[in-house]
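Peer 1: Sharing a structure here in structure tokens format.
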Amino acid sequence: MFRQGSNSGNKRMTSGARLSQPIIPLSLPTASSKTLEMGRSSKTNPLNAMGLDHNIATSGGDPEYIMQLVNDVRKFSDVLLSLKEAFHSKESQECSQHVVNERLGELVHVLKAVIGKHQALNSSEILGAAGTVIAKVKGVNFKEVNNENKSTIFGEIHTSIDTLAFTFGNVVSDFLMGDVDGGSRLGYPQARRSRSFENLSEDSRGCSQNDLADHSLSPELSTVEQVDLLLLKNDSGVESALLYAKAWSKYTKDVLAWVEKRLSLDMECAKSFAKMAESAKAVASQQDFMPFRDIYVSAFKNEIEYNHVLLQTAAALQTNKFTQPLLARKNDLDKQRKEIKEQWQRELKKMNESESALKKARLLKMQKREEYEKARSSTSRTEEEQPAAGGRTLEKKRRVEEEALQKAEEAQEQYKACVADLEAKKVSLSNAKSEILAQIRKLVFQCDLTLKAVTVNWFQMQQAQTMPLSVNYQALSEQAKKYEPGQRYSEFVRSLPKERVWLESLSQDITASSKTGMSLHKRSQNSTRSSHGNLSQGSATSMDNHSADEVEGNMQPCKAKIAERRSNSSIDMQVPRTQGSQRAWSSGSAGGGGMCSDSESAGGSSESRSMDSPTASPGDFKRRLPRTPSTGTMSSADDLDEREPPSPSDTGLSEMVMETASSPGPFRNAQMSKAAHTHKLRKLRAPSKCRECDSLVVFHGAECEECSLACHKKCLETLAIQCGHKKLQGRLHLFGIDFAQVVKNSPDGIPFIIKKCTSEIESRALTIKGIYRVNGAKSRVEKLCQAFENGKDLVELSDLHPHDISNVLKLYLRQLPEPLILYRYYNDVIGLAKETQNMDKTDSAKEKSAGEQLGLSTELKRVLFKVRDLLRQLPAPHYKTLQFLITHLHRVSEQAEENKMTASNLGIIFGPTLIKPRHLEAEVSLSSLVDYPHQARMVELLIKHHQMIFDVPLSPMSPTSPTVSQASFGSSIQDKESKLSRHSRSLMDIKESAKLYKRHSSVIIPAQLMEEGKEMKTGDHRVQTSGEGSDVNGVGLTSVDSTSVFNRPGASSRMVQLRPQRAKPVSRPISMPIDRLLNERNSRNTVEHDHSPAAIEETTEPEKPTTPRHTNFYRNPFIDTQTLRRTWDRQYRHYDVTPRTAMIVANLPPSGVQKQPEISMASQSSTSRKDGTSQSGVAPISFRAARTLKPSSPGTFYRPPSGGQLKPSDLLAKSVSRAPTTTTGAIYTTAITVLTTASTSSVMTISTAVTTPPTTPTTSVTVALTSKPTFTTVSRSVSGGAGEGLSESDLLSPVTLSPPQSPGSSTEELSPTDAKPLYQRRSRRMQELEHREAHFV
């Protein structure tokens, strides 16, 4: 136990010695404590870490210092040796290069530490040798080193290393021997040595040897280095430098502001001075005999040239001579200053973190040391008290002591690491400070250089532009001194005409004054008259007291007096006559009230002097007083100031009158917009509110005489409200107002702001990229909104940007309290939009000529018709506005290739605006956000299919076109049947859908008859036409006899006068049930026909027929239709016929014909011959003659079959009368009578009466067929030109045509907008009314 205790004691003593060895010197004032003191003092000055401020006694008698020196020299020697050995390494080139760089960095670090610790070794020889080593090592390219040149390249490096070692040893030996004092050896200030340290560290990172030598060998300290050294010694040097850079930036900013303001004022003044000099030069150039005229003209020219130079100088200073370079330098300084400041703050933060870590480590070390001391003392007491017992307790305490010792050692190591880290951070901070100060210095020097350059430019250019001015002024002053008074006056007198001419003109003036007492002279035709009161009065009126004898006797004195008076009143002198050498003076007499005394001309006259004094001279024959403007009186001083003098180029009084009449008075010089030019402006007489900026106008305001619009003078440049030539109403609250209130003043139900904006966009902005997508400037948009509220529809938009206009339109629609598609229809619209999401979006909208669309799926069509029916429930203003807006958006989408605004993009923009839910809360609900794609989808559908939804025809018919092009029919039988099935749901759908095809129709023209045969085969429909079409634009009507199948004699039809047209069209009832029609067609398929279907057609009765009408017709009921017209009209008034064509068509296939399968027909148009001489016979829809229905044979109208009364076969008789196309303007009237018998068969007689001029031959063709009746009703409108037609069979179900030798089917001519909707069966009441009407006929 004792041995064990002894061993433990020895171990404890050894551990204690090991722990106390590094700790004790920390608390003792030994040499190592200097380092700690230096580290503590470096908190205030980071340069102390480098030893720059540490003054060490260089006495060689201090053995401790000498031992430190020896150790440092040995360490430096080891580093040199390791660097030298790195070049002999057999590793790869990359590894060797890496090792060499590490050894070189270690060498520089050790050398810097040694020189920092021993200031006496800061020698230029050592620094030069070290720089040579660094340069040699950095200059080696290890990739080029091989076995051949290895010895040569590395030999130079070895030599430089040996030189550094030899130099270092010599300096140390000299220092130890005391040959040279440490302070006097170098002879450099301490600051210079610190500069060498920096250069040495920089060279270790790649600086060249020459830079090192320059900095290290320079015997004197430059001003720049002194500045850097002072800032390095200062604790807040970086902050001071940054503050100076900031102050320099602010100073430069102030200088730039002054220069900009000065240059702008100089340019403004130069422009004004140049303008004044131009006008003065023009005036002075016309004065022929005025003194100093040439001098002043030269002065004006010099002034103009000087102002031009001033403008050029100002422009140069604003660009590359002053403003731009200085501003660029200032911006660069601000940017780099911020970066440097952030870098310095990061370094300071690292330093503070290291200091705080060191404090924590010191406290932890002290704490662990105390714990160890306690554990050690406790173990010692235990050993002393119980040396032979308590082994376990002793072992436990020994373990505690060992653990405390281990922790204390760890804390000590951590403290050492923190101290080393703090020292490294101090060195890094010192280096960063040096670099930052150098950067700031370079920046400041560059900024000063730029400021110096621009300042020199400024004063040089100022001196260059003012130098010629003083020289010119000196020359002009010398020239003015040479003038003799009266010189120009003498020249003027010598240039006057001879005495005889003066005697005649003067005697005429005196005679005229004595006889009439007026100042007007009687002049020749080529002289200018001064009958207007604005011309100047002559100054010879004072001569009225002289008689003619005095003038003749004393001519010379008189001439002298005249000259004197002219000189006194030269301001008011008028130009002499220019013909020959004669000159006459205009004078005024007392009787005329036009006299002007000398005192008035000298200074008493107001208007004539103020307006005419610049141009008054004996040679100025164009001087005139401008007339008083219509906007005010001449007594206003502002008017006199704002009026310009008359132009010297005016040559006549008429031109002056025209100018003054068209001038806008006091605002002639103001910059005005297009809208402002429409107003008749005058000065504002009372304070009012400006309609442009909506602020109060007190001074310098303008007011329109017609509409009373008030505006600032400066606002005239941007005024957007035109003059309405009537008093402008008050401000209208337009945005955010109920739609019903806005449309009250709109006759068509569309707000003016929508029409105004869309028309302007369509006129000049359809091809602008991103229209409606790109927003306008907020300030301009708000200004335009205010203009709309102030000026309503008088706002001028031609000067505004299209994006501002589109933004205002979107803003108006967005701010409506309730959108165009009302809230109550939101769910229905969103539901319909959702239905289209799963449909094929690749359905292309292929438009037919009649306005229908093909290629769309049935589901999509059904949804579109639902949308149409839903939108028709909107109020009329909402519906019209929505249709107008969607049509406009469709035009925008048509230019999508240029403006990139497709229907989908427009839907995204206008979807949430036109379709939005009612928000009960303030915020938008999540459901409404989810509905955004559906809203966009619905608007996209409205834009793409707006023709189907809003019943818009593709090309509305023009009633004034000279020829009517051939109509192309694009709906097949299957399409018509699908429409019938779609419309069979409600009678309202039937009536509404009929409006599409009744909107653009004109007069009713019967079918044109042709001889062509039609041939139909399975899978193919070919229409072959031959023969000539008859002219349908005739004036007279003739009757053609027809023969029925029973060989009855022909009877003429009597014209039946129909009721006048109603304003609102209604749909005509249909008798044929749709289900029966579909069932029969599905069962019977396609049958062949060799006849054309019969039809009832109504035509317009001509006002003045050229030929008498024939009344050959059968009257089966023998009732006079003329006497029953009123009763018939009254009973059938609900089914008033509009100017459309109604046909009841019976498809009667012949018996025994083999059935063929039904074939779906595509849209096809019949071929017809075109006659170039045909003209449109379309009559106006309203206010035309009543129409007539002319049956050609007795019988009744078709009555729907009931029960089994009808036989399987019916007999069809068709009489076709045709006239060849020989004239222009023929009108056809066709009457059809269908006989229906209940017992055996149905006999139908079709009589076509064609009225042509008497010279036109007519033909009659009769065809008899027997078949089962199949009827389809087609309502259509026909407007045509001769030579164009379409076979009726194209409008029916698929039929089989007869061979070519059978008579051709009748054709009709249709306009491009004709359409043929099919309708469902009418109710029984309608059938009874129709049957009753047939009996009346």
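For all residues, glycine too, the Cβ spot is worked out from N, Cα and C.
Keep in mind it's a predicted model, so treat the numbers as computed, not measured.
Pasting the relevant annotations from Swiss-Prot:
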- 326-443: coiled coil (COILED)
- 1-13: compositional bias 'Polar residues' (COMPBIAS)
- 369-384: compositional bias 'Basic and acidic residues' (COMPBIAS)
- 525-545: compositional bias 'Polar residues' (COMPBIAS)
- 568-579: compositional bias 'Polar residues' (COMPBIAS)
- 960-973: compositional bias 'Polar residues' (COMPBIAS)
- 974-983: compositional bias 'Basic and acidic residues' (COMPBIAS)
- 1083-1092: compositional bias 'Basic and acidic residues' (COMPBIAS)
- 1161-1177: compositional bias 'Polar residues' (COMPBIAS)
- 1295-1310: compositional bias 'Polar residues' (COMPBIAS)
- 1325-1337: compositional bias 'Basic and acidic residues' (COMPBIAS)
- 225-488: domain 'F-BAR' (DOMAIN)
- 737-950: domain 'Rho-GAP' (DOMAIN)
- 1-20: region 'Disordered' (REGION)
- 369-397: region 'Disordered' (REGION)
- 513-551: region 'Disordered' (REGION)
- 564-654: region 'Disordered' (REGION)
- 960-983: region 'Disordered' (REGION)
- 1016-1066: region 'Disordered' (REGION)
- 1083-1114: region 'Disordered' (REGION)
- 1149-1210: region 'Disordered' (REGION)
- 1273-1337: region 'Disordered' (REGION)
- R773: site 'Arginine finger' (SITE)
- 676-723: zinc finger (ZN_FING)
Peer 1: Taking the Cβ of R773 (site 'Arginine finger') as the reference point, list residues of the same chain whose Cβ is under 8 angstroms away and which are at least six residues distant in sequence.
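Peer 2: Result: K900, M901, N905, I909.
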Peer 1: Summarise the compositional bias 'Basic and acidic residues' (369-384) by DSSP state, stating how many residues are helix, strand and coil.
Peer 2: 16 helix, 0 strand, 0 coil
Peer 1: For the zinc finger (676-723), what are the DSSP-based totals of helix, strand and coil residues?
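Peer 2: Helix, strand and coil residues of the zinc finger (676-723) number 7 helix, 15 strand, 26 coil.
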Peer 1: Does DSSP put R773 (site 'Arginine finger') in a helix, in a strand, or in coil?
Peer 2: coil
Peer 1: Please average pLDDT over the coiled coil (326-443) for the predicted structure.
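Peer 2: The predicted confidence over the coiled coil (326-443), as a mean pLDDT, is 88.
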